[in-house]
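Contents: one structure, followed by commentary.
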Amino acid sequence: MSPPSRRLQTKPVITCLKTFLISYSLIFWFTGVILLAVGVWGKVSLEAYFQLASEKSTNAPYVLIGTGAIIIIFGLFGCFATCRGSPWMLKLYAMFLVLVFIAEFVAGISGFLFRHEIKAVLGDAYKDAVTNYNTTDPKSSAVDNIQKTLHCCGVDIYTDWNTTKYFKDQGIPDSCCKENTVCAVEDLKDLDRAHNLVYNTGCFSKVTTLMESNLGIIAGMSFGIAFFQLIGVFLACCLSRYITNNQYEMV
């Protein structure tokens with residue numbers, strides 16, 4: 001059995017580590033809430049952009065929502081493990097933080113390295129969607145959504161619609177019309193008359209700017225949260241070690 005003075009020295013250290021780890025776990029829980037919110041926002045706001053590159057909806061928002069939900073659960077688990085003072089729970093918590101660190105670090109690197117590739121793919125997909133626009137398929141719906149939301153028209157300029165099959169039949173899509181503007185089919189078939197009725201700026205530059213800025217934010221968040229996990233790993237391992245050693249010394 002260790003001397004009382006040794007135990008008195010160890011107890012404040014354990015208390016201090018518990019305080020720091022609980023505080024960390026609460027912050028970690030909050031990052032899960034942020035990821036969950038970003039996933040929901042991405043599903044609602046960026047679905048149209050993701051649809052351009054695929055016939056089916058992307059799973060990226062669901063990945064963020066799932067990751068955020070798991071982090072919320074393990075953040076609460078971290079608080080419980082810390083209050084309980086269970087070494088094996090703390091080790092399990094540390095292992096989970098390591099896995100989250102690896103996953104988020106890889107996600108951050110991938111988002112940073114492939115942002116230009118994503119821009120190129122999105123550009124080709126958007127041009128293809130405009131060329132084959134027919135108002136019925138998901139990509140056409142995505143084009144309409146983008147033009148209404150970003151107040152733009154065509155790929156580089158509104159006259160891009162002049163080369164499409166849809167323009168010959170219906171003119172420029174209604175989604176290009178400015179807010180509070182009545183657009184007749186006859187006007188939309190005439191580029192000169194449509195000039196004052198539709199948005200003149202093309203969508204490609206606005207879409208890529210928006211996507212790059214959002215990818216940069218998500219990549220930065222991934223890097224920041226990833227390295228933040230290392231603090232939790234250090235605190236959980238230290239607390240587990242101190243509690244384990246203190247249990248052995250009291251025997």
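A Cβ is built for glycine as well, from the same backbone N, Cα and C atoms used for every other residue.
What TrEMBL records for C153-C176 is disulfide bond. Listed in sequence order, Q147, W161, I172, C176, V198, Y199, N200, T201, G202, C203 are the same-chain residues six or more apart from C153 (disulfide bond) with CB atoms under 8 A from its CB.
Here TrEMBL flags 21-42 (among others) as transmembrane segment. Within the chain carrying the transmembrane segment (21-42), a Cβ under 8 angstroms from the stretch's Cβ atoms is held by residues 60-76, 78-79, 82-83, 97, 218, 221, 225, 228-229, 231-232, 235-236, 239, all 6 or more beyond its ends.
The transmembrane segment annotation in TrEMBL covers 62-80 (among others). Long-range contacts of the transmembrane segment (62-80) within the same chain: residues 21-22, 24-26, 28-40, 42-43, 89, 93, 96, 100, 103, 232, 236, each at least 6 residues beyond the stretch ends and with a Cβ under 8 Å from a Cβ of the stretch.
The transmembrane segment annotation in TrEMBL covers 92-114 (among others).
Taken from TrEMBL, the feature transmembrane segment applies to 215-239 (among others).
Its Cβ placed at the centre, C176 (disulfide bond) has 26 other Cβ atoms within 10 Å.
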